[in-house]
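Feature annotations, reproduced from TrEMBL:
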DOMAIN    60-180  domain 'ABC3 transporter permease C-terminal'
TRANSMEM  17-39  transmembrane segment
TRANSMEM  51-76  transmembrane segment
TRANSMEM  109-136  transmembrane segment
TRANSMEM  148-169  transmembrane segment
TRANSMEM  203-224  transmembrane segment
TRANSMEM  230-256  transmembrane segment
TRANSMEM  281-306  transmembrane segment
TRANSMEM  609-635  transmembrane segment
TRANSMEM  669-693  transmembrane segment
TRANSMEM  705-725  transmembrane segment
Amino acid sequence: MLSKLAFRNVRRSAKDYLVYFLTMTFVTALMFAFNSLIFTEDIEEMFDIAGIMMALVGLATFFIVLIVAWLINYMVRFMLEKRSQEFGIYLLIGMKKKEIARLYIRENALLGAGAFLMGMALGVFLQQVIMAILYSMIQIKYDIHMEFNSACILLTVGCYAGCYILALFRSGRKFRKMNIRDLMDAQKKNEEIKESHEQLKKWFFPASLLFLLAFAIFIFFGGIRSVGQVLFFLVGLILVIYIFYIGLSSWLICYIRKKKNGIYRGQNLFLLRQFSSKLKVMSFTMGTLTSLFTVAFLGCTVAMMFSDYQNKLLETKFPFDVQIYSDDIEEDFKDELDVIEDEAKVLDVLPYYIYANVPEEFLGESVNIQEDLTESQEKADVSKERMERANQVNVWLSTHLKIFGDTYQNEDKSPNLKKIEKDSRDGSFYCRYDTYMRLSDYNHLRSMLGYKRVSLKEQEYLIHIKERIHSEVESMKDDITVEGDEGELRFAGYYTEPFSQDGHNGGDYVIVVPDSAVSSLTPYYAELAVDIEGEAPVGLGKKLDALVEPKDWEESEEINMSEDGEEDEDTDFAGHKGMGGNSCCGSDTIIVMSVSNMVRDNLIPEMKYILSTVIFPCFYIGLVFLCVALTVLSVHQLSDSAKYKFRYSVLKKLGMNKREISMVILKQLVGYYLCPVLLACVIGGSLSVFMSGKFIFYTGIHSAVIYYFGLTFLLFFGIYGLYFITTYISFRRNVEIDP
């Protein structure tokens, strides 16, 4: 009996909660599809860093479960309040509270189970789509195949069922405490509008707008420089969002009370009163929805930024097929070449040096130029001016690039040489000394990359520098002096093509001089560039990383031991051999890959996978948050359609025709839908533009500041349009007035 009644009630209320049902279906599908990324064995076998995807998708799932739990709890409580009179009647006719509670639980169980089963079916399809996209991103062929991982299914079931059980448990406790009168009056209490101190609260509206303006000025001009400022900004922003709706509802009420001519134009009185009363009742909910929309904007914007970087800049980071670094200038790279020749067909090879303008004895690990110039008579004989020129480019860049600000400046704006030297010893940004290359090696490398050869006169030099900082270094040529064997060299220009300048061919830059001028320079470190036919085989980079010279075994065992006696290999988080000795990575800060053995066709898929660990969770969060917020907006309107039907019938009796009533409905829904969305656009748009500007500045990517927010906006309003059209059609059908 109860089962039949529950099924009938679900069918009856389907039109009001169809949007909620479809959203839960879609959320379940997304949850299953993205959770499958955590348990994909193929990915785990391909990459040592597969755990990053597991961690970030798991973290995203945690936040999504919180929001889905809020949505389910909100909807279960909302449906209970809407049907409170019905349950009160059930009590009046003799049903027990336990029976009514079981009936309500069965109804929600049917609704939830139906959405879950449909979501799992859709999730299998979405899983294939997501896996195909991921494999395409990392340049690996994907064969479509169904994969049902028991752990993935259990995780999805656990998250979904846990949210429902918690919501039903809380509603059950509330229901047991209510009597017949409470149930009969519950809906009236929910609709009750209390107006008090509206003249005072209306000032919250302009105050919140001023605070939003102040926050915009703060992030764009003041900058966020500490964790404390970030927390202050976030807490203040959340408070302003909620205060905004309290102030807006009071401002509208006061405006209506003044009875100015504007409220009597067209249907303004009806629309404004409807809107103000809705805001009054739902101010907290509207604030929460605005927060969800804002997070959705930001999540999708971040995903768009890293996706754009992946498509435009990533391949330029690794221009050579194979490039190998060694801090030993006597390295002949014989073992590395043997491995490469065994794995691929070699087309061209170039072993070469990167030089420094210092005596060879100054290249030791423990040398401190500033101190040793005064302590050692032998070193004191070396020109102090030459020693200052040994790192003049490093000093200039450290004190002039915007990315460093005043980090390497003293209070009088002079260079802080001690700090620059300390950080260069640690390999933070630049090598200890300026990096040079001879022209013949430079042209050989350019030919390997398909660039035109360049020529220099005997007394000229050029600088190959990253395009990202080219616009900031125009005046550097006037502040530095480059000398050859026969005196000072003249500057011949900048070149900015991709040239592997994250530590291999210098950090950010390399100074190219004629071969005749190299005799006054000292080999700094050794490099090997290799051009191979076709694509490099999978695993070539790992084989190169595994090479260890026999003479280095004993030293390696001593060095690679941490203080607690455990092995601490000189590798990065992805297992690649790091650049020891004279290492540097340049001024890139967001995405940096500086390793000894660079194999282009191995590193690009790996870096794309790393970027996808950010792109997928951010897009996942943005999409779910957006759908949850739109669901609440839609369900609120559709569930109140019976009440609105009476109001629109009154308008018809007052003389409005069907077309005019349809326009009023459209205006009402547009105002209701746009209110939280527009505020989220202002807040999310400002933050997105700020983040985009910083991202473009730090990466050097060629994109407009508004580009990422624009893409997010189009995606956002595409989904928004689907929800709005569905709600509008359903609302019109529900309030349709008989002729």
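Cβ from N, Cα, C; glycine included.
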Taking the domain 'ABC3 transporter permease C-terminal' (60-180) alone, what is its mean pLDDT?
83
Excluding the flanking five residues on each side, which residues at least 6 beyond the ends of the transmembrane segment (148-169) place their CB within less than 8 Å of a CB in that stretch?
28, 31-32, 35-36, 38-40, 61, 65, 68-69, 72-73, 75-77, 105, 108-109, 112, 116, 120, 123
Same-chain residue ranges lying at least 6 outside the transmembrane segment (51-76) that approach it to Cβ under 8 Å:
17, 20, 23-24, 27, 31, 34-35, 37-38, 43, 108, 112, 155, 159-160, 162-164, 166-168, 170-171, 285, 292, 609-610, 612-614, 616-618, 620-621, 624-625, 628, 631-632, 635
Intrachain neighbours beyond the transmembrane segment (230-256), with Cβ under 8 angstroms and 6 or more residues off its ends:
195, 198-209, 211-212, 215, 218-219, 224, 263, 269, 272-273, 275-276, 279-280, 283-284, 286-287, 290-291, 294, 675, 679, 683
For the domain 'ABC3 transporter permease C-terminal' (60-180), what are the DSSP-based totals of helix, strand and coil residues?
101 helix, 0 strand, 20 coil
